[in-house]
Amino acid sequence: MTKSIRFTKMHGAGNDYIYVNTMAYPIDNPEELSIAWSKPHTGIGSDGLVLIGSSDIADFSMHIYNADGSEAMMCGNASRCIGKYVYEAGLTQKNKVTLETLSGIKELQLKIEREEVTEVTVDMGMPAVGEMALEVEAGGEIYTGTVISMGNPHLVIFVDEMDQVGLASVGPLLECLPLFPDRTNVEFVQVLKPDEVRMRVWERGSGITQACGTGACATAVAGVVRGKTKRKTKVIMDGGPLTIEWDERSGKVFMTGGAVNVFEGFIKV
């Protein structure tokens, strides 16, 4: 027996996911659906599937499934999109929303103009800084990376010229290094100015994506601990910029950016 599920495709800085309100449309096989729906030619096309649900400890819950069906701990871009979704769908009237994720509760501050959410700031919590100058080998090259956790793992590598990075070939090798038994996200970063960097990302479970919110946060933290950037930095990704601030007093990382509704519809399962 088939049923129709309503979905909304949204993106944050080009990082696009399929969003489903599971309070209205329950889903019991998200891994399979994420794989099928993420395919651009035979599905909807996305970086994965995000389920919005109820929560006993926050306003809403978020579960993220990558394009390969694996479940992600956290996604900053998806968090911003959920902030826009729940407000504009009438699920909340608050401009400050709490979101339960696998990496803890996140607070979203919504900027609202004419009943539309134009910008969302996410309290991403405190980062965990691992090895600051880890040498790794991939594809016959030696890279020096900084290990950062934003609730999910990141390897941040600073380079002089972004255009010389073969992300499609080296990304999957670095993702699956034995040093990272659960695999890792990989960011290559070129410093443009003390408060501006360019970043490209290979996401664990999804490959090359237009943007990664937690990756932008990890990039900003790595820039500070490596003495390369200021605490407030614009991170420019293929899908657009995010403003990241690592607050010195609280130790928390704050991410600010937009969220966009692309289209919505029904799909049969």
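Cβ atoms here come from the backbone N, Cα and C positions, even for glycine.
Proximity of N152 (substrate binding site) to non-local residues of its own chain (separation of 6 or more, Cβ distance below 8 Å) is seen for A72, M73, M74, S103, N185, R204, T214, given in sequence order. DSSP assigns N152 (substrate binding site) to coil in the three-state reduction, placing it in neither a helix nor a strand. Taken from Swiss-Prot, the feature substrate binding site covers N15, N66, G76, N77, N152, N185, E203, R204, G213, T214, and the record attributes it to sequence analysis.
Look at Swiss-Prot and you will find C75 tagged as active site, proton donor, backed by sequence analysis. A sphere of 10 angstroms centred on the C-beta of C75 (active site, proton donor) encloses 29 other C-beta atoms.
In the three-state DSSP classification, C212 (active site, proton acceptor) falls within coil. Every protein chain shown contributes to the tally, and the Cβ of C212 (active site, proton acceptor) ends up with 35 other Cβ atoms within 10 Å. Here Swiss-Prot flags C212 as active site, proton acceptor.
Residues A72, M74, C75, V201, S206, T209, C212, G215 surround the recorded substrate site, their Cβ atoms falling within 8 Å of the Cβ centroid of N15, N66, G76, N77, N152, N185, E203, R204, G213, T214, which are themselves excluded.
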